[in-house]
Amino acid sequence: MSHRQPNRRERGVTRLLPETWRGLTLLLAGVLLLYYLLPIGALVFAQSPASLATDVTNEVVLTAATNSVVAATLSTLVAVAFGVPLAYWLSRTSFRGRDVILALVMLPLVLPPVVSGMLLLRLVGPAGLGQLTSVPLTRSLFGVVLAQTYVASPFLVVTAKTAFDGVDRQLEAAARSLGEDRVGSVRRVTLPLAKQGILAGVTLTFARAIGEFGATLMLAYYPRTLPVQIWVSYLSTGLDAAFPVALVLVGIAVGAILLVHALGTNPWE
């Protein structure tokens, strides 16, 4: 039985479809990229370069930037220290109630940040654990770290768990059969293979932490971080006064992502 050969028109349509799809893909991708870029461009050109340079080097802005970077770094380190073991445990164990724990981990991702701040304030505020310790748990850098860790650490746990899920358990078993103990097999086999996913989680956690506003506002209005300072500047002076602070925040966030890429550990490759 012979098959009919496509005619010239049909062959032309066949060649045209991939080209059309490629063009449509580039168009849609370009529109979204432009949508990401235009607000940043509007932010950069909102003021003259001289005025912008003066505003971003203001002591208040620099102090808020320092608070943000320090707190976000500490929050990310805390998330790594506790989140990576939690992610590994959730990935490698199966038990009744596991889904409940996963839901608990993801809860801060779906709660409005202000609600997260309210919950934390009830827990560690003057009516909670705050009355049991002399360490200031609110209105302090420690409070900022608590707020940022609560809302940002789930990004690390979720991405690290996904990375661990992608590592074959048989590789750990093979390492143990060659003399490695459980810790050694995880350190020498699983962690290197899951590294890219964990780094993606670190980047997302830092970016989320440094941009955290709602929970931080509820728990630690002082010392001011960049998001809180943006809000204060907007309320006190107006949108123009908030632009330079926002630009510093954008610059730090972009710089953190570029730093990961520059170190040769781009988690998205």
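Glycine is no exception: its Cβ is also placed from the backbone N, Cα and C atoms.
On a predicted model such as this, the values are computed, not experimentally measured, just so you know.
For 65-258, the entry in Swiss-Prot reads domain 'ABC transmembrane type-1'. What Swiss-Prot lists as transmembrane segment is 26-46, 69-89, 100-120, 140-160, 198-218, 243-263, and the listing cites sequence analysis.
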Residues of the parent chain within Cβ reach of the transmembrane segment (140-160), under 8 Å, 6 or more residues beyond its termini: 67, 70-72, 74-76, 78-80, 82-84, 86-88, 90, 105-109, 113, 116-117, 120, 124, 194, 197-198, 200-202, 204-206, 208-210, 212, 215-216, 218-220, 222-223, 225
Best-contacting stretch, by C-beta pairs under 8 Å, relative to the transmembrane segment (100-120) and drawn from 26-46, 69-89, 198-218, 243-263: 198-218
Stretch among 26-46, 69-89, 243-263 sharing the most Cβ pairs under 8 Å with the transmembrane segment (198-218): 69-89
Surrounding residues of the transmembrane segment (243-263) on its own chain - C-beta under 8 Å, 6+ positions past either end: 40, 43-44, 46-47, 52, 55-56, 58, 61, 64-65, 68-69, 199, 202-203, 206-207, 210-211, 226-227, 229-230, 233
Same-chain residues at least 6 beyond the ends of the transmembrane segment (69-89) whose Cβ lies under 8 Å from its Cβ atoms: 105, 141, 144-145, 148-149, 152-153, 155-158, 160-161, 163-164, 186, 190, 198, 201-202, 205-206, 209-210, 225, 252
